Amino acid sequence: MRTPATVVAGVDLGDAVFAAAVRAGVARVEQLMDTELRQADEVMSDSLLHLFNAGGKRFRPLFTVLSAQIGPQPDAAAVTVAGAVIEMIHLATLYHDDVMDEAQVRRGAPSANAQWGNNVAILAGDYLLATASRLVARLGPEAVRIIADTFAQLVTGQMRETRGTSENVDSIEQYLKVVQEKTGSLIGAAGRLGGMFSGATDEQVERLSRLGGVVGTAFQIADDIIDIDSESDESGKLPGTDVREGVHTLPMLYALRESGPDCARLRALLNGPVDDDAEVREALTLLRASPGMARAKDVLAQYAAQARHELALLPDVPGRRALAALVDYTVSRHG
């Protein structure tokens, strides 16, 4: 039965004792991050701690800690370091993304660029990357290589998104590739490092990495659906943000391929950023009624099935069941 004692970061792990151990693992990651970031010069501190103190889902540290439950040493100190490295990289990308997107709000608070300007936000993100690099050096050359490869994928995905879809590339294939690079790659690295440093077998580590990539892609698709389907800000941004910014997510791309009576109006609305609140509401209403939403949810279900296939081949231990609960949470939160 779901109780507060069994829930960690919104995910019902089913067992209060196991959940307490996982919660403690995530708390160790947060404590290490806090310790490392507070060592920065005071000229950095307010902007550097801005997003960290704003909270967030801590999805990536949670995935690291849960992946570590597959190995025989889930509480190894290196698992904590790996979780901190992954979350610092994630926070750094948020600072940089908000500058590129000119976002004004992040996690219910003014974004760093809105509060201090672009230069400060970029430098805060850079410092987070520097701190993550210093931490990962503790884990040895293989971990450094994994993180370097992940950096490359993150930047490639951002560049691919920034330059847009060329005429000879399918827009939906492009979208899914960008999501895998920008979101799936980092969660895949979380699974790989969590498995590695808990002593999981090589085969299990590879499976956890693949699982992370699939779950990361599903997580982003769910966020994109929430941005249209939800009346609240459960994705961490205002509903309709993607419409306002002119960002074409999976539900929009499918909706734009439809040929119903409302499609011409929807195409006109989604032709670029939408500033007018009434037009944002109109676009959201049309998107919610479009078959494109159902198609996007079908794709999300396919990724969930792929994740469950990977899970089924992991050992039947509490960690696997917890990862299955996380997959269910990822898919179900779009409502």
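Quick reminder: no glycine exception, Cβ is built from N, Cα and C everywhere.
Now, the feature entries from Swiss-Prot:
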{"type": "BINDING", "residues": "K57, R60, H90, R107", "note": "isopentenyl diphosphate binding site"}
{"type": "BINDING", "residues": "D97, D101", "note": "Mg(2+) 1 binding site"}
{"type": "BINDING", "residues": "D97, D101", "note": "Mg(2+) 2 binding site"}
{"type": "MOTIF", "residues": "97-101", "note": "motif 'DDXXD motif'"}
{"type": "SITE", "residues": "D98", "note": "site 'Important for determining product chain length'"}
{"type": "MOTIF", "residues": "223-227", "note": "motif 'DDXXD motif'"}
{"type": "SITE", "residues": "D223", "note": "site 'Important for determining product chain length'"}
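Cβ neighbours of R60 (isopentenyl diphosphate binding site) (same chain, under 8 Å, six or more residues apart in sequence): G83, I86, E87, H90, L186, I187, A190. For the pair D98 (site 'Important for determining product chain length') and D223 (site 'Important for determining product chain length'), the C-alpha distance works out to 16 angstrom. Each residue contributes its Cα atom, and for D101 (Mg(2+) 1 binding site) and R107 (isopentenyl diphosphate binding site) these two points are 15 Å apart. Look at the Cβ of each of the binding-site residues K57, H90, R107 and count the other Cβ atoms within 10 Å; the largest number goes with H90.
Other Cβ atoms within 10 Å of the Cβ of D97 (Mg(2+) 1 binding site), summed over all protein chains shown, number 18. In the three-state DSSP classification, R107 (isopentenyl diphosphate binding site) falls within coil. Across the fold, the C-alpha of K57 (isopentenyl diphosphate binding site) and the C-alpha of D223 (site 'Important for determining product chain length') stand 12 Å from each other.
Of the listed recorded positions, namely D98, D101, D223, the sparsest CB environment within 10 A is found at D101. For the recorded site, D223 (site 'Important for determining product chain length'), the DSSP three-state label reads helix. Farthest C-alpha pair in the isopentenyl diphosphate-binding residues K57, R60, H90, R107: 16 Å apart. For the motif 'DDXXD motif' (97-101), the predicted model reports an average pLDDT of 87.
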